[in-house]
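Per TrEMBL, the features are:
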REGION    1-31  region 'Disordered'
COMPBIAS  1-14  compositional bias 'Low complexity'
TRANSMEM  43-65  transmembrane segment
DOMAIN    117-253  domain 'Peptidase S54 rhomboid'
TRANSMEM  126-147  transmembrane segment
TRANSMEM  159-177  transmembrane segment
TRANSMEM  183-204  transmembrane segment
TRANSMEM  211-230  transmembrane segment
TRANSMEM  236-254  transmembrane segment
TRANSMEM  284-306  transmembrane segment
Amino acid sequence: MKPAGAGPDPGTGAVEVRVERPQRPPVHPNPARLRARPYYRRWTPWLVPAASIACVAVFLVTMFVNDCPNRSSGNCSAGFLGRFAFQPLKENPLLGPSSTTLLKMGALDVSKVVQGRQGWRLITCIWLHAGVVHLLINVLCLLFIGIRLEQEFGFVRIGLVYLISGFGGSLMSALFIRASISVGASGALFGLIGSMLSELITNWSLYANKVAALLTLVLVIVVNLALGILPRVDNFAHIGGLISGFLLGFVVFIRPQFAWINQRRVTPGPQTAPAERKHKTYQYILWIVAAILLIIGFTVAIVMLFRGYNANDHCSWCHYLSCVPTKKWKCNSSPTTCTAILQANTLNLTCEGKGIHRSYIVAEATQDKIDQLCNQLCS
């Protein structure tokens, strides 16, 4: 071999040396690399934190309207808070407003929903809370559960599950609890938990530790429903929200299969493998069945409610689902509404549920005076 640039040697045959560079192999989609990429979009949660802030803001407004020092004859709890002081612990052990104030702010009261046609209370009661303890428990649970779900599925689907589940919980509560008011986001929270369970079931083939996750969710649901048999807890709202969210999860949380996603990411060209289906057959079946049950269930419940149907008349044992009496507590729900009738200068008040009736001679029956007397009569 000769240095480059020299001519061929005349005494020998020409020797030509060629150096070939190895060609780069053609780039093909690597299934392993595709699998390492995220399959589903990750959302930035904002709706759940906003809903939590809204619950706190509504509670502050409720306490401002309550104004315990000027509207209650008893000793207010945490009087140093001034206008935001809580009702006496005997009246509200959860550190919150009076029942009259909650009713004024939009609490769920069956008589007002049915006779007064105030159906909006089925939604407004979700944003009200009976006290600081009640508020903290619900807000912390909402942040813990809701943020993870919103990251996975986005604000639209989480918002739908939250509101519709809360509405379903209110419907169930209104059909069974007739003598007291109901407030709180517990029904909506149980809807989120129920949707997590149905999401696991409908996307069963996509999960690794599916059995452990299923057992954990079932345990959480059972424990929380068991706590609902304590007095002053509306377990019917929990059950209604849980059922609504469970069915909604099959409808809004259905996910495509990994194989279908991988096939869509392969560069265009001749395909040798058969086309993969986006969803499995059982996912479509669960979607259809859940959607039908949701439509029928909500339609029947709304019709029954506005026709004045009392579910307890046809289910003598169902009240045990919300409270089981023991030697330490009773399940007779304390009444929370009173009826006022003014005749001349005589104000007649009736505390519904207790059967207590009082007449007062008043010079001027202002709304504040009526609220104060109602609190004294029904507390």
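Here the Cβ of each residue, glycine as well, is placed from N, Cα and C on the backbone.
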- prompt: In terms of Cβ proximity under 8 Å, which residues at least six beyond the ends of the transmembrane segment (284-306) contact it?
  reply: 110, 113-114, 119, 167-168, 171-172, 174-175, 198, 201-202, 243-244, 247-251, 254
- line: Per the Cβ under 8 Å criterion, with at least 6 residues separating them from its ends, the transmembrane segment (43-65) contacts 83-84, 86, 96-97, 101-102, 104-105, 127-129, 132, 135, 138-139, 142-143, 146-147, 149-155, 158-159, 162, 185
Message: I'd like to know the mean pLDDT over the domain 'Peptidase S54 rhomboid' (117-253).
response: 92
Secondary structure composition of the domain 'Peptidase S54 rhomboid' (117-253) [DSSP: H/G/I, E/B, coil]: 108 helix, 1 strand, 28 coil
